[in-house]
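Chemist: Sharing a structure with you now.
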Amino acid sequence: MPPQETQQPLLSEEQEETAYDSSEKVVVVGIDEHDGDLEAPPFSWRKLWLFTGPGFLMSIAFLDPGNLEGDLQSGAIAGYSLLWLLMWATAMGLLIQLLSARLGVATGRHLAELCREEYPTWARIVLWLMTEVALIGADIQEVIGSAIAIRILSNGVVPLWAGVVITAFDCFIFLFLENYGVRKLEAFFGVLIGVMALSFAWMFGEAKPNGVDVLVGILVPKLSSRTIQQAVGVVGCVIMPHNVYLHSALVQSRRVDPSKKGRVQEALNYYSIESTIALIVSFVINIFVTTVFAKGFYGTEIANSIGLVNAGQYLQEKYGGGLFPILYIWGIGLLAAGQSSTITGTYAGQFIMGGFLNLRLKKWMRALITRSFAIIPTMIVALIFDTSEESLDVLNEWLNVLQSVQIPFALVPLLCLVSKEQIMGSFRIGPVLKIISWLVAALVIVINGYLLLEFFSSEVNGAVFATVVCVLTAAYVAFVLYLISRAITYTPWQRLTRSKTVATTVN
C-alpha cells in the first residue's frame, strides 16, 4: 500500500468549508518575505495597520445593547462602585479572545471547524445547537436594541415591530460591503464604533461625572450584598459564546502561512496589540455609559426601574435638551451599537453554521438563513412585548440566563483545543497560562451559575416544572463534564474516522 494513499483526506481542501477563500484574504506585505520562517520579523507600524480590523469587530460584542443595559443598570443602582469589576471583566474577556485568536492563527482553522473534527457526531450536533441558541438569544437583544433606537429617533412613530423589520435588512448592508473586501467591511465597523464613542462621550460631557469618583471606582474594589446582582451582570455580559467562535475565524482574514513559525508568531503579536487597543476603547465607552447613569440616577427612587426601553426618556428629563437633545444622542449611540452587533452576529452565524456542518453555501444564502434564525423569533417577541416595558425587562432577564447557560460550550472546547500539542504544535499554551485560563473560565462559569441559581429559585414554581428543570440541569452538567474530560483524554474523532475509512477502502 503506497504511503501517500494512507494519508489522503476523505475531503479535499476545496471541498471543506473555510472561513475565507484565499482570494478574500488580506495580503500583509513585508519588507522581506523570505524572513520570518523561524522568528518573527521586527515590529512594523505598517503591518500593525494591515492586521488591524478583526479585534475591533470582536470588540463590538462588548458594546452591544445587552452590555449597554448592564452598564446603565450598574451605574444607576451601584454608582461608581463596580467600575473596577468592569475593568477586570474586560481583562478576562481579552484573555479569552486572545486564546481564540491564537487557535485560529496557529491552526489555520476556526473553533467551529475544529469542534467538527475533534468531537464525535452527537457531541458536535449538541455543541452546534447550543451555540445557535446562544447566538439567537444575543441577536434578539441586539435587534430589539436597534428597534428601540429607531423608535426613539422617530419620536415613537415607528413601532417596535417595524424597527425589527428595518433592522432585518442589515444583512444586505453586510453582503454589499463584503463584496468590496474585508478591509471595507472593517472600516464600516470602525465608523460605527466611532459613532458610539462620540455619542456616549457627548453624554459624558453633558453629565460631567466627578473624575475623582470615577478613578476611585476603577482602582478601589468595592462589593456589597446590595450590588451583587449588578456585579454578576457586569461579568456575565462580557463573555459572549458566539464571539469566541467569531474571533477565531476573523483572524484568518489575513494570509498567514501556519507552517512558518515566525509568521504565525508575528500575526499573534499584532493581533494581541490590536485586540488590546480595541478592548481598551470598548472599556472607555462602557465607562462613559456607566458613569452617566451613576451621576444622574444613583440613589434615586427610579434607579431600579431604569432599563433600555425608558433610559432615553429618563436621560432627557434629567439633563434636558442642551445644544442637541440627549435623548437623540442616546438613540444614535444605541442604534450604532445595535446595528454593528446584529451584523457581526450574522457574520458569526455564517462561520458557526459553516464550520459545524461543513456547508458550502453562497454567502447570500448563509446570511439569509442566519438572519432568519434571529429575525423570526425577534418579530414574535416584538409583537408580544411592544406595549409593555416591564415585559421587555423580564424577557431580557431570560435572555441573559440563556447566554449564561451557553458559556461553557464555547470556553471549555476552546481551552481544551489550545492546550493540545496535537492541534497547536509549539503554540499550545504553557502550564501557567493554562492554569490562569481555566481559573478565569471557572470563575465566569461559577458567576453565571450563581445568576442561574438566583433566577430559577425565584422563577421555578410547581413540582412538575421543578422536576423538568432538575433533569435538564443534570443532563447539562453531565455534558459539560464530558467536554472537560476531553482536556484529559484526547481523541481526534474525525481524523481517526477518516484514517479508518481510508485504510478500509485501500485494503
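The first residue you see is number 1, and the count goes up from there.
Using the three backbone atoms N, Cα and C, a Cβ is placed for every residue, glycine included.
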Chemist: Which stretch, out of 48-65, 138-155, is listed as transmembrane segment by TrEMBL?
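Modeler: Among 48-65, 138-155, the range TrEMBL annotates as transmembrane segment is 48-65.
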Chemist: Under a criterion of three or more Cβ pairs within a distance under 8 Å and sequence separation of at least 6, are the transmembrane segment (77-100) and the transmembrane segment (267-289) in contact?
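Modeler: These two segments touch.
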Chemist: Other than its close neighbours in sequence, what residues sit by the transmembrane segment (267-289), given a CB gap under 8 Å and a spacing of at least six beyond its ends?
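Modeler: Same-chain contacts beyond the ends: 28, 40, 43, 47-48, 51-56, 58-59, 62-63, 67-68, 71-72, 75, 83, 86-87, 90, 93-94, 97-98, 101-102, 105-106, 193, 196-197, 200-201, 203-204, 214, 218, 247, 251, 254, 256, 427.
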Chemist: Does the chain bring the transmembrane segment (227-246) near the transmembrane segment (48-65), so that three or more CB pairs sit under 8 Å (pairs 6 or more apart in sequence)?
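Modeler: Result for the transmembrane segment (227-246) with the transmembrane segment (48-65) is yes.
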Chemist: Ranking 48-65, 158-177, 189-207, 398-419, 463-484 by the number of C-beta pairs under 8 Å to the transmembrane segment (327-348), which range is first?
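Modeler: The stretch with the most contacts is 189-207.
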Chemist: Should the transmembrane segment (48-65) and the transmembrane segment (398-419) be scored as in contact, given a threshold of at least 3 Cβ pairs under 8 Å and pairs 6 or more apart?
Modeler: no
